[in-house]
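Working notes, structure below.
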Amino acid sequence: MALPVYYDKDIDLGVIQSLQVGIIGYGAQGEAQALNLRDSKVKVRIGLYQGSLSVPKAKAEGFEVLEVKELVQQSDLIMALLPDELHKEVLEKEVIPFLKEGQIVGFAHGFSVHFNQVVLPKGVGAILVAPKGPGSALREEYLKNRGLYHLIAIEQESSKNNAKAVALSYAKAMGGGRMGVLETSFKEECESDLFGEQAVLCGGLEAIIRMGFETLIKAGYPEELAYFECVHEVKLVADLLHYKGVEGLRKHISNTAEFGAIKNREPMGNLLEKRMQKILKKIQNGSFAKDFLLEKSLNYPRLNTERKALKETKIEQIGEILRAPFNHKK
């Protein structure tokens, strides 16, 4: 691997166990991280605003809940596990004014720091600890004595605590050292994560799926078959890729499927490459971040419109019917 990678044997869990951790937010990541930390014998409190719907849940799970500014004053490490677009507002009002030299502020994504939405005072550490998976998977893997890959990065050193040692120890407490903790930078994590979401995992994949579905529908094929071939079977392929890689996927599909993929890969790739380069450029030069923060300031008009429109599409309507048996089994 090109990146430095650390495992449990390389990391001192005692570093994070000696500190008081405060987690701001109790969504999927906040809950999973807090539970994993507590099970790793780490002292952790939760910071939420008065009236937050998450307060009863956090208290029911045995955590002490404080207002954010109180949490900051009583913590050595403060983890900001909030949506990216809320970091500037919350940290400028409730966190930064109460920070002291030697404390560390942690993030699960580099967006707000890399794009200068959050600038921490000198002497306050800035670390990134990013589990490569959703909160549900982070918790499930920990309970199975396994873990997810984690990324760490150091943007600013603390005047009191070694920021890298704290980041590594935090990742170990969440189970990351069981799989591997890779060291990167805020810039690399942020830009590659945004690119992956936009060009492949969310934007690119959804675009190809919906385009494939609509192509078959317009050609007169039944909606059910279009859904099976363009949506339903994506999981089968994704699982093969996840566990066996591209070569392993090739070995598990038919010769017909493999030949068809190879034959059409180049023309499709040529079309996608230029678009992907444009996507990456807009991420790198900050124009995507600017557009996203403007969307937030206007109360998400485009997101709300798109979400409403998606419910009315054929792909969602037939999908809801075909997914019903799977959801019923849960």
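Placed from the backbone N, Cα and C atoms, the Cβ positions cover glycine too.
Fair warning: this is a prediction, and the values are worked out from it, not measured in the lab.
For 3-184, the entry in Swiss-Prot reads domain 'KARI N-terminal Rossmann', with the evidence type sequence analysis.
Residues or ranges marked as NADP(+) binding site in Swiss-Prot (evidence: sequence analysis): Tyr26, Gly27, Ala28, Gln29, Ser52, Ser54, Gly135. Sequence-distant neighbours of Gly135 (NADP(+) binding site): residues of the same chain at least 6 apart with a C-beta under 8 Å from its C-beta are Gly27, Ala28, Gln29, Gly30, Glu31, Ala32, Gln33.
For His109, the entry in Swiss-Prot reads active site. Around His109 (active site), the C-beta neighbours below 8 angstroms that are at least 6 residues distant in the chain are Asp84, Leu128, Ala130, Glu189, Cys190, Asp193.
The domain 'KARI C-terminal knotted' annotation in Swiss-Prot covers 185-329, and the record cites sequence analysis as its basis. Broken down with DSSP, the domain 'KARI C-terminal knotted' (185-329) shows 127 helix, 0 strand, 18 coil.
Feature annotation from Swiss-Prot assigns Mg(2+) 1 binding site to Asp193, Glu197; the stated evidence is sequence analysis. Other C-beta atoms found within 10 angstroms of the C-beta of Glu197 (Mg(2+) 1 binding site) number 15, with every protein chain shown included.
Marked as Mg(2+) 2 binding site by Swiss-Prot on the basis of sequence analysis: Asp193, Glu229, Glu233. Asp193 (Mg(2+) 1 binding site) is surrounded by 18 other CB atoms, counting those within 10 A of its CB over all protein chains shown.
Per Swiss-Prot, substrate binding site is recorded for Ser254, and the stated evidence type is sequence analysis.
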**OP:** Take every residue in the domain 'KARI C-terminal knotted' (185-329), average their pLDDT values, and give the whole-number result.
**Re:** 95
Subject >> Ser54 (NADP(+) binding site) and Glu197 (Mg(2+) 1 binding site), distance between Cα atoms, whole Å >> reply: 27
Original post:
What is the interatomic distance between the Cα atoms of Glu233 (Mg(2+) 2 binding site) and Ser54 (NADP(+) binding site), given in whole Å?
Top reply: 36
Subject >> Among Glu229, Glu233, the most crowded of the binding-site residues [Cβ within 10 Å] >> reply: Glu229
**OP:** For each of the binding-site residues (Gln29, Ser52, Ser54), count the other CB atoms lying within 10 A of its CB, then report the residue with the highest count.
**Re:** Gln29
